[in-house]
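Structure first, then comments.
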Amino acid sequence: MPIRVLDELPAVNFLREENVFVMTTSRASGQEIRPLKVLILNLMPKKIETENQFLRLLSNSPLQVDIQLLRIDARESRNTPAEHLNNFYCNFDDICDQNFDGLIVTGAPLGLVEFNDVAYWPQIRQVLEWAKDHVTSTLFVCWAVQAALNILYGIPKQTRTDKLSGVYEHHILHPHALLTRGFDDSFLAPHSRYADFPAALIRDYTDLEILAETEEGDAYLFASKDKRIAFVTGHPEYDAHTLAGEYFRDVEAGLNPEIPYNYFPKNDPQSIPRTTWRSHGNLLFTNWLNYYVYQITPYDLRHMNPTLD
């Protein structure tokens, strides 16, 4: 799916160098079709890196996807130039009267922070409540999963003693589910989180359907039966070197982190890691766009009543 972005967005050249199909606004305006409108609430500190990762996964299908980037934290960023934020991000007030086909809420490095201590927690609640009436399907990633479970289901924050970091094996529970269509019976995906997602907790306190689990029994992929909300507790969007960057950052900070599991060849941090989850990540996002967004969203977004026959 060619993603439609502003011509000047840095991700355009970055992704083209990777042979990813990106359609700029100037080119897309000549095609007489309605693109899917997808809003990305980017909560990660390194916003440009995160943009590249998610746009890569949204790009591989014949339909257009019109991407809009959202920020809700008005504080000055230490990792992203203010000029970039001003040029390419909108504020919630700019879009609160609009409807969207899809919303992606990224992770955030807030695993050890209590929800009420998060500077933009009221804004997170506001966006999630707004999405119920203004978005066909919302996909939550990693920390955003924990936040959404608290806001939508009242589940308290669940925190691991040690950070889960590495590339883990998962297995699908419902091979005929739309979101896992085409998945291998088992697959690899990265995790980098303090948040804990026991499958039993999801089954006991929500009506969500778990579609894939880790080998240790943690819920990895789950969704509502009406396709309106979906959750992925890992980071299928990560680049090959993202976990390495986090590991060496923590080493330099004197945190004595564990070496990410099943990531560096021969468990040697000096070795170059390989991507073993790219196909899974691409298929997950393609399935979400197709079955959870495109197949149920109305042609006229003024009439939001998504259903799936």
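Along the chain as shown, residues are numbered 1 onward.
Cβ atoms are placed via backbone N, Cα and C, with glycine included.
Owing to the predicted nature of the structure, the values given are computational and were not obtained by experimental measurement.
Under the heading site 'Important for acyl-CoA specificity', Swiss-Prot lists GLY111. Here Swiss-Prot flags CYS142 as active site, acyl-thioester intermediate, drawing on sequence analysis. Residues or ranges marked as substrate binding site in Swiss-Prot (evidence: sequence analysis): LYS163, SER192, ARG249. Here Swiss-Prot flags SER192 as site 'Important for substrate specificity'. Residues or ranges marked as active site, proton acceptor by Swiss-Prot: HIS235. For GLU237, the entry in Swiss-Prot reads active site, with the evidence type sequence analysis.
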Inset, instruction - Reduce the DSSP letter at ARG249 (substrate binding site) to three states and note it down. - result: helix
Legend entry - Assigned conformation of LYS163 (substrate binding site) - DSSP reduced to three states: strand
Legend entry - recorded positions near LYS163 (substrate binding site) (Cα-Cα within 10 Å), from GLY111, CYS142, HIS235, GLU237: GLY111
Legend entry - substrate site shell beyond LYS163, SER192, ARG249, criterion: Cβ within 8 Å of Cβ centroid: PRO109, SER165, LEU243, GLU246, TYR247, ASP250, PRO257
Inset, instruction - Look at each of the recorded positions, HIS235, ARG249, and point out the one with the fewest other Cβ atoms around it within 10 Å. - result: ARG249
Inset, instruction - Could you check what DSSP calls SER192 (substrate binding site) once collapsed to helix, strand or coil? - result: strand
Inset, instruction - Could you check the recorded positions SER192, GLU237 and say which one's CB has the fewest neighbouring CB atoms inside 10 Å? - result: SER192
Inset, instruction - Out of GLY111, CYS142, ARG249, give those recorded positions positioned within 10 angstroms of the residue listed as 'active site, proton acceptor', comparing C-alpha atoms, in sequence order. - result: CYS142
Legend entry - Pairwise CA distance, SER192 (substrate binding site) versus GLU237 (active site), rounded so that it is a whole Å: 12
Inset, instruction - Would you give the longest CA-CA distance, in whole angstrom, between residues of LYS163, SER192, ARG249, the set recorded as binding substrate? - result: 14
